[in-house]
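Annotated in TrEMBL:
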- B:143-518: domain 'Myotubularin phosphatase' (DOMAIN)
- B:Asn293, B:Ile294, B:Cys355, B:Ser356, B:Asp357, B:Gly358, B:Trp359, B:Asp360, B:Arg361: substrate binding site (BINDING)
- B:324-386: domain 'Tyrosine specific protein phosphatases' (DOMAIN)
- B:Cys355: active site, phosphocysteine intermediate (ACT_SITE)
- B:561-583: region 'Disordered' (REGION)
Amino acid sequence: EIHIKEPIEKEVNPHLLPGELLLCEASTVYKYIQEDGSNRGTYGKLVCTNFKIAFLDDDSTSDDNEPQFKNKIVGENDITLQCVDQIYGVYDEKKKLLTGQLRKYPEKLIIYCKDLRVFHFCLRYTKEEEVKRIVSGIVHHSQTPKLLKRLFLFSYASAAPNNTDGRNQTVMFDTLEDWRDELERTKGNVKYKAVTVNEGYRVSEKLPLYFVVPICVSEESILKYDGRGIPIWCWSCHNGAALLKMSAFPKEQDDITSQTQKAFLDGIYKTISKAPYELLKTDDLSSSLPSLQDIQTAYTRFKQLFLIDNSTDFWTTDVKWFSLLESTNWLEIIRRVLKKAIEVAECLERQHTNVLLIEESATDLCCVISTLVQVMMDSYSRTKSGFQSLIQKEWVIGGHGFLDRCNHLHKSDKEEAPVFLLLLNCVWQLVQQYPPAFEFTETYLTVLSDSLYVPIFSTFFFNSQHQKDTNTSGESLKTQSGPFRFLTVWDWSVQFDPKAQAFLNNPLYAEKPKPDKSQRKTARFKHQRQLSLPLTQAKSSTKRGFFREETDHFIKNILGKRIGKFINSSDEPPSSFREFYDSWHSKPVDYHGLLLPRIDGPEIKVWAQRYLRWIPEAQLHGGGTIATAAKILDLMEEVRSLQVKMDEEHSQAVSGDVHSVPLLRNSARLSSLFPFALLQRQSIKPALPTSTWKDLEDEDDLVKRDDEFVDLSGDMP
Amino acid sequence: QTLKDGTNWEQNEEIPRLPGETRVTDKDVIYMCPFNGPVKGRVYITNYRLYLRSVENDPVVILNVPLGVISRIEKMGGASSRGENSYGLDITCKDMRNLRFALKQEGHSRRDIFEVLTKYAFPQSHNLLFFAFANEEKFSENGWMVYNPMSEYRRQGLPNERWRVTFINEHYGLCDTYPSLLVVPYNATDDDLKKVAAFRSRNRIPVLSWIHPETQAVIMRCSQPLVGMSGKRNKDDERYLDIIREANGQISKLTICDARPNVNAVANKATGGGYEGEDAYPNAELFFLDIHNIHVMRESLKKLKDIVYPHVEESHWLSSLESTHWLEHIKLVLTGAIQVADKVSSGRSSVLVHCSDGWDRTAQLTSLAMLMLDSYYRTIEGFEVLVQKEWISFGHKFASRIGHGDKNHADADRSPIFLQFIDCVWQMSKQFPTAFEFNEQFLITILDHLYSCRFGTFLYNSESLREKEKVTEKTLSLWSLVNSEKSKYTNPFYTKELNRALYPVASMRHLELWVNYYIRWNPRIRQQQPNPVEQRYMELLALRDDYMRRLEELQITNNSKISNSSASSASPSQMMSQVQTHF
């Protein structure tokens with residue numbers, strides 16, 4: 001349990017977390033309600049702590065309207081320092097980006113958040129001194145470079161009472177045991193082994209403490225190039241084919257080094273090409289997928305479409321909405337990534353071929369693709385704990401540089417790229433295409449994406465396991481010594497009470513048949529995977545000669561002498577892909593088997609919940625998917641109470657293993673933005689487009705005609 | 001193999017036939033399926049449909065196309081054409097697909113099938129009757145009974161002290177495209193109506209469509225005033241509009257919504273039409289709703305078809321979609337309807353809606369606004385009434401817009417106005433998935449039979465013509481089919497809510513292309529059927545009912561003091577997990 005200090009006096013004081021310090025504050029700040037362009041709002045205090053920026057409503061009596069879905073750590077008017085995207089000052093109606101030192105202080109402050117909230121604060125009625133302090137304080141603490149140890153994570157961990165609640169079902173992959181269990185679960189242990197060679201990080205600080213490699217790979221070869229050029233196991237398919245990843249050698253090399261590296265790789269491949277391994281296909285993701293830079297550029301443009309200042313802004317952009325969306329390229333990137341994941345799945349599933357993903361450091365697009373492939377092929381990854389374990393395996397322990405990619409420390413904009421968000425966006429496409437296949441909801445994905453910016457969990461605030469380990473045990477901080485006890489984001493009780501947590505569970509989830517009741521009680525779930533759709537036998541025989549060429553090609557590529565694109569990396573997928581895709585889609589869906597996303601243009605959608613949730617104009621009063629979801633939840637509750645009644649009639653104990661169902665108040669009138677609708681418009685006035693007209697350039701003569709040409713002037717009597 | 005010999009297909013039970021449907025011809029063809037490549041099959045043509053069954057494919061490829069959907073039949077290739085499958089027929093359909101059949105270049109095989117198809121697909125051009133007149137189906141419900149104008153007006157609380165029913169148009173003497181029964185202001189005499197008719201295009205005078213039960217504000221519909229270049233005025237029309245304004249007991253102005261873009265309304269003056277000028281109608285407020293004409297809509301749909309059939313535009317899907325303007329037009333129509341509904345509901349002002357003739361854009365606007373304001377129209381029967389009333393009885397020119405049985409495929413009168421309306425309804429049902437009693441299948445069925453000519457419902461341009469052709473006596477109503485099998489068209493999530501205005505958000509962020517209709521022929525895009533969310537809900541409903549029944553049984557047995565001996569019934573929690581795994 002987290003202890004949250006109660007304000008001592010009735011005077012508005014910020015709720016401070018353990019270790020949270022008030023840094024500066026300003027009173028009589030006016031916060032606009034983002035609505036119809038009117039200047040309605042409330043007065044209050046704006047404060048900045050070492051954790052968050054918070055607006056404290058002077059008139060905080062509105063507690064009776066407590067939202068049903070409330071974050072215990074970050075309130076509706078709280079912005080964690082890491083969640084701040086950009087800060088603008090308004091000077092004489094002109095917006096100016098605020099970054100470092102300020103000479104003049106603005107009348108209005110606009111804060112754009114990474115979770116897409118937009119706050120407008122008017123400082124006109126605030127004392128000048130306070131304005132100076134709060135504006136420079138906010139800008140300094142949220143926008144300027146920071147030392148790792150200055151993250152709130154550390155103050156919180158040292159001040160909070162020992163609060164880790166045992167272990168949840170998420171596999172953390174920080175022990176050898178976890179890897180061995182995973183190998184056993186996927187039956188990968190015949191050909192792959194977990195190694196301890198990196199204990200003490202003697203191979204590499206970028207690699208996890210424990211990882212899995214092909215059995216034939218020796219310890220020396222792992223040590224030789226600091227773990228580079230070594231295929232690292234991600235996952236094994238039911239047919240034995242495995243998904244592997246590998247970090248490439250740096251490009252610029254003198255001839256001698258490149259020769260030895262080539263020989264080294266040759267050696268590695270010769271060992272793997274022998275039985276019992278399957279054929280191997282390599283895919284250099286850095287050439288077959290968009291670059292991190294492309295991804296960052298696309299997302300920067302994309303999110304801009306949802307950071308709406310006012311109603312006029314909303315309707316102006318509405319006119320050219322589809323072309324605006326397209327010009328960001330974000331949806332196209334999602335499509336390409338999903339397509340790549342299908343290609344990999346096809347190799348594994350149908351061609352029984354191992355797939356080796358290659359990338360500079362194997363910690364960005366490799367994570368995206370390997371995670372997606374597992375979500376598509378392994379139904380365990382579609383349970384909540386399975387998905388969380390997968391994120392631990394591929395991302396957290398796998399060494400994705402969360403700190404740099406999220407630019408949490410504002411060290412270098414160049415390193416920033418929303419790779420993890422890209423993954424969540426892709427998973428969301430699957431979740432909305434196949435609702436019964438996932439144990440979690442889109443709300444789960446949304447709050448997971450929000451948690452990227454909550455620095456009380458260690459999960460997303462280190463670049464590697466090594467970095468976390470060295471900073472956990474590291475030097476003592478003032479009074480406290482010994483290791484920090486960080487929280488993991490997977491302990492959802494930290495952020496949400498049980499009632500709110502129920503919104504993370506999908507009521508449509510088609511649970512897998514549970515084999516036997518007695519087996520359920522075992523300490524950790526041993527998930528058996530079902531075979532995916534039985535497809536026609538692999539045509540591997542026709543591709544026998546393929547391996548050598550591929551290796552040569554691959555080596556050339558690794559050594560930086562790119563001779564053009566890789567096989568399969570062109571935009572037009574091979575016919576086997578299309579055939580695989582079409583044949584799968586022509587059959588009924590098995591929600592526990594292989595799941596392939598539909599990737600045609602109309603199928604790739606905008607994740608409305610995450611991106612539209614704060615925009616009042618986009619709100620459907622009593623509509624949206626929540627309307628049907630609420631009906632299902634109501635009915636489930638009814639069924640559950642009947643069940644209880646029947647158990648009573650049977651004079652049996654009430655069975656406790658039923659999912660808790662969230663109770664919705666007045667569900668018929670929920671906003672489509674639920675559970676995030678904090679800006680519920682109470683009026684039933686319809687939202688009317690203010691600018692609808694767009695020229696139909698090319699149809700001028702048609703436009704001018706009348707429906708039917710009849711001269712009516714003659715009709716007059 | 002029996003099919004290949006294929007002389008006696010009538011013995012083959014698998015080929016569906018309706019009572020009254022008779023075979024005409026059959027032939028071996030190759031169906032050039034755009035998705036699966038050439039398909040060898042046999043095509044059967046009746047007086048109602050074209051039916052194709054593949055002979056070699058597994059699973060069997062079937063085409064079942066009512067001849068009514070055919071818009072155009074062309075011959076492709078000539079007797080001398082070389083190349084595989086280059087000789088045959090190209091069929092363009094009204095429902096977003098094309099069919100291509102390759103034939104053998106021997107004998108007169110193509111000429112025969114071409115002539116048969118042309119004759120039965122375009123009966124109007126061959127002095128034949130529509131299949132609807134030969135259809136001998138029997139249904140448990142009679143759809144012609146669904147709409148009775150008098151009871152619909154009574155449902156609205158009419159007539160009352162301000163509004164009266166007039167029979168002035170009983171024999172279509174006042175206006176031949178209006179229904180016989182009209183509701184007009186109590187204070188306007190039949191004589192007044194005649195005078196007003198002279199000033200309204202095609203005599204389509206302002207009449208009541210709907211009255212708000214609380215504000216008493218009304219939705220009126222009509223055609224444009226005959227203002228002309230010289231800016232003519234008509235005292236009777238001006239006075240009539242003022243009577244309408246006063247009839248709701250409010251002091252507010254009368255709102256006039258001219259559905260057209262401003263420039264078009266102005267341009268109409270050149271041909272004698274126009275709009276209500278400020279000088280002549282000082283107590284009215286005029287808005288132009290910027291909805292385009294039937295030609296623009298036709299072109300827009302044509303462009304949409306180009307990007308979805310046979311293949312969905314792959315690389316720039318969103319900008320291609322935008323360039324069709326289809327959703328933009330949907331947005332404008334919905335926006336216009338929201339404005340009308342909002343004026344009547346919160347603005348408490350009566351609204352007069354017109355375009356040029358008042359049978360296309362006007363029908364879209366009044367019916368959509370009524371759908372937003374009156375929850376009755378969101379039920380299956382209510383929607384049928386709405387379509388019968390605002391579209392069929394008020395003379396939307398279905399025959400001209402669809403081109404029923406007419407070979408003139410390039411007729412400029414054709415336009416997907418009704419389709420656009422149904423699309424708007426679909427958008428609303430998508431945004432409010434619990435507000436409509438009917439499901440998507442209901443809307444698709446309506447559109448299918450808009451073209452099929454199996455029912456008399458959408459035949460002919462006006463009530464007077466339908467009466468002349470004795471449509472209700474000689475044909476069946478589409479609503480007979482629907483109402484006899486209502487569960488198939490029912491939305492399980494429907495939650496009845498009375499008197500709740502339902503305003504969709506007319507933003508591109510929420511408008512979607514109706515994939516299940518426009519791209520339904522493409523097997524790659526097909527959505528999961530049945531919808532898993534719906535299926536889950538139905539299972540839960542069944543489970544609840546089962547529990548309630550068993551609970552009742554249990555209580556009875558327990559009450560009769562026979563303690564807990566019913567070992568047969570499984571524990572309810574086991575039941576629960578069984579259902580969850582049922583997918």
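Backbone N, Cα and C atoms are what each Cβ position is placed from, and that goes for glycine too.
Just so you know, TrEMBL annotations never went through curation; they're auto-generated.
Shown here: features listed in TrEMBL, placed on the structure.
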residue	record	Cβ within 10 Å
B:Asn293	substrate binding site	24
B:Cys355	substrate binding site	30
B:Asp357	substrate binding site	25
B:Trp359	substrate binding site	28
B:Arg361	substrate binding site	30
Secondary structure content of the domain 'Tyrosine specific protein phosphatases' (B:324-386), with strand meaning DSSP E or B: 45 helix, 4 strand, 14 coil
Coarse DSSP state, helix versus strand versus coil, of B:Asn293 (substrate binding site): coil
PLDDT averaged over the residues of the domain 'Tyrosine specific protein phosphatases' (B:324-386): 96
Greatest inter-residue Cα distance in Å for the substrate-binding set B:Asn293, B:Ile294, B:Cys355, B:Ser356, B:Asp357, B:Gly358, B:Trp359, B:Asp360, B:Arg361: 12
